[in-house]
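Below you'll find the structure, written out as structure tokens, and then a few comments.
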């Protein structure tokens, strides 16, 4: 047995101590009158309470309320609230020192013992004394409630221990109930309490046996036993029943007065402390001394046990000590899905997969009754274990486990092999290493426990740990950990760290965590340090998860550590646990009772941070969209790591959003939040950032909000806004701001205003000089006359002056901004802005019922590889398109002016002449006049003007593919009503805005509905692509491109969506055409193989939807692998794995990557550089790298080599490559 010190304080003599039942707090009452509140986990002093006059001897926490009570030599009992940190009230009544105070576990009572020879019970709610227990004839040193029954035990210097029955007091103070007449009559006639006490508490037993005064007495928590300690240096054990109490035995061994004694809450032990400077542990059944713990200079005065935990505390002359008597950490070892651990003297095996937990081996004979195993090492090859215990200075036992774990656990005796050593671990299938710390020697032994090799470590070693190899050991010294080669007997590597207590390897043995008391050091397999994590409270255990994140536990938290050193809290703990395995959202652990537990955690935060570190932005987006990450910590982390645009996504507080928006240059969000806050400092910051970017319109608004007139005037000067400068001049005049008036008149070149201002302020010389210099002779003469002077009096005028005339602005940027500074938009800006309204995305994964292995068609299969596959999610990016302006409407304005003139002419005409009614304007002609859209012209039947519009807008030259669309659009805008047989049917024109009465705005209905194309046609062609019908899908995508030419959208926001749809079709047509071309190549010669590999590689750079991108990457990876282009295959596999694929594809990719990385070379050199941005020529299917000359299709924006200029685009088959165009119009 050993004393494990958990906390120690230095202070004046401690006379009373008390544990908080839930929090890691301990109260210490001192001889100098101070009360201290300590956090024994953190080792910090939380509060001091100084209201007692003289020593404070009694202290106690309330079991449930935020209260504690103290009693001192000032005869006072004080009740405190530790939340408000104030004394609530004082109970007065004792006539001498108060020795102890305790709360009742159920009733609102306080029990106090005093040197006035009485014991008092107080109701702390009514603040009255409800009972006085008299009978002792000397100081009462201690009085305590029974934990369950209505009993009180007291100890006095009159050499007796008394047991009091307080059931009468409980009945008297119980809740009111119905009382019979006889009971009430009996109570009224009962004699009242005398002046010394009451009949509610009576003496049940008087225990005599001590030869001197008794200092302490307490009940057993569950048995009818009492232990007492006295100045006769003896500890006595008493037993009681309903009728009597008697002495059982006496424990002798202390050399001075015994201050306190108590029962161990969990074991059959008695613990005592005394003025002989020792704490002693006694066997309660044998009444023999088990262990003695001695201090050199400190007498002990008080002892207490934690009400729930396995902790004790003792107060001495110079402070207090919090300690344990046994190691609570279970000895355990993890191998794959099994946990081997020792609980209650049995070796047990827990299966993580199915939750089974069976006893395998009895370990009762391995160590003593009160000694717990310290460590366990498991050998899976030989099914053997080594259990290390601190018995006899350190020993180990080697056992073979039974093959089957069914039935009763086997006894360990018989085949056990024992030896001496402080650490023992398996290092190979048939060898283990043992450290003898005393001799500083490491022995290598075989399974028969025979020493095969001995070696001297290079430094003084405290522990040895497994290093993942049969020839290597980790040696923990006082200030480092050494990676030691036991074959060559030399140090391979060394990491400086505080003394390491535990070592945790990842499942693949590529990373290791070295756990010290307050430090975690992470290193790789070569023992190169990655990071160091510091904690203020003790680190207890840790385990690696599958993603390479180290999850560890402290005394009160489960935390995580990322590979580069960032760490954070996952959840809090009520009690410490020891982590054994991290699996998804569950943490498997052992508690201090040796029970296996599963704790649910939320791994979102650390997976989010890991994805950021690895730049796996698609997974970051997925986590943001599917989780609820909030809090200042995550926002601060994102800012620190340079991702303010992501932090902006989480924040709702206006001030924080404003600061983040400025940091990432998002003027729109900053303007929005500045408007809501409307604070001067925010407008100033916004103005500065907007000016930096060149957005002078926002600058103007910011200056206006803060009334910064001087800067506004200068802004209007540099933008050439003369009208607003005149307004600023007027405002300055109204404000009586002469300097501002002068500046504005100077900016405007208004000489008269300057002269007028100078005259008003009495600056006549300057006014005269200004007027004379600028040729205002009459005004100059007037000024001279007013001053009583003539021109002859002015003799000293400067001769080389120049006129102060501002330059005339050539470009007046009044309604438009300056060219804006390019603010880099990250992947996340685009994703956040586009994803909310993106209608063109194919499903992020295959639909329900679709298995990636069942996809057929041209995608092909994996029969020739024998691997399995997976699908992944990737966020699609959208391209912003600037909307072109509308038509001029010149003819419409002319008609509006002519109509009144025609009406007037008709009104003035000859009334006698018959004037036939004029025919109205044809509906089709109205449509042509009202719209610049090709679709509306086609609907009106004007195919010629429609083709001219398409030629100007998108460079269309081939209208053959559009013939069917033209006819369909035209026919769908008319309805026909049959009349008489001999007459043609009546034609009705169908409008898309039938409620419109203004003829200038009527427009035809269009059969090609944009939303229908997106929701129906696009999804169908996605499905066709997934099925591998590439030729059919190419035709369908091209049909969508043709249909877009003849659509009309009603909202401005849909214009961008139309351009996005064009981009989607272009990418798919180009990619699918390349893939079909590749499949037509016979792989019968190296040249064809090279070309096929290049086309497959180019296909993976088309911006496809996630499900299709996965398929293209798999196809390219497989083809490269078959052609022994291992380097390229590995690159494709890595790209595939970066998309966080599902198991089957991930397994296939890892297999190919693993094989390829062993021979990282390409048999065939390709014209392909994935690190240099490129686009693919739509005709030659060759890469056009960034910076190389190229031409574009004006409609679909497909790129081509310059030699294809003026040829027909092979993607859309409509437009001429490389000609200028105004851009497609789809909105009026």
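Going from the start of the chain as shown, residues are counted 1 onward.
Just so it is clear, glycine is given a Cβ too, placed from its N, Cα and C backbone atoms.
All annotation found in TrEMBL is predicted automatically rather than curated by experts.
Taken verbatim from TrEMBL:
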| type | residues | note |
| --- | --- | --- |
| DOMAIN | 345-591 | domain 'COPA/B second beta-propeller' |
| DOMAIN | 619-775 | domain 'COPA/B TPR' |
| DOMAIN | 826-1226 | domain 'Coatomer alpha subunit C-terminal' |
| REPEAT | 7-48 | repeat 'WD' |
| REPEAT | 49-90 | repeat 'WD' |
| REPEAT | 91-132 | repeat 'WD' |
| REPEAT | 133-167 | repeat 'WD' |
| REPEAT | 207-248 | repeat 'WD' |
| REPEAT | 251-292 | repeat 'WD' |
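Cβ atoms under 8 Å from those of the repeat 'WD' (133-167) belong to residues 96-97, 99-100, 102, 104-105, 109, 111-115, 117-121, 196-197, 200-208, 210-219, 221, 226, 228, 230-231, 238, 240, 245 of the same chain, restricted to positions at least 6 beyond its ends. The list of residues near the repeat 'WD' (49-90) in space but at least 6 beyond its ends in sequence, with Cβ under 8 angstroms from a Cβ of it, reads 15-21, 25, 27-37, 96-103, 105, 110, 112-114, 122, 124, 127, 307. Summarising model confidence by region, the repeat 'WD' (251-292) averages a pLDDT of 92. In the repeat 'WD' (91-132), helix, strand and coil residues by DSSP number 0 helix, 25 strand, 17 coil. Residue counts for the repeat 'WD' (49-90) under DSSP (helix as H, G, I; strand as E, B; rest coil) come to 0 helix, 24 strand, 18 coil.
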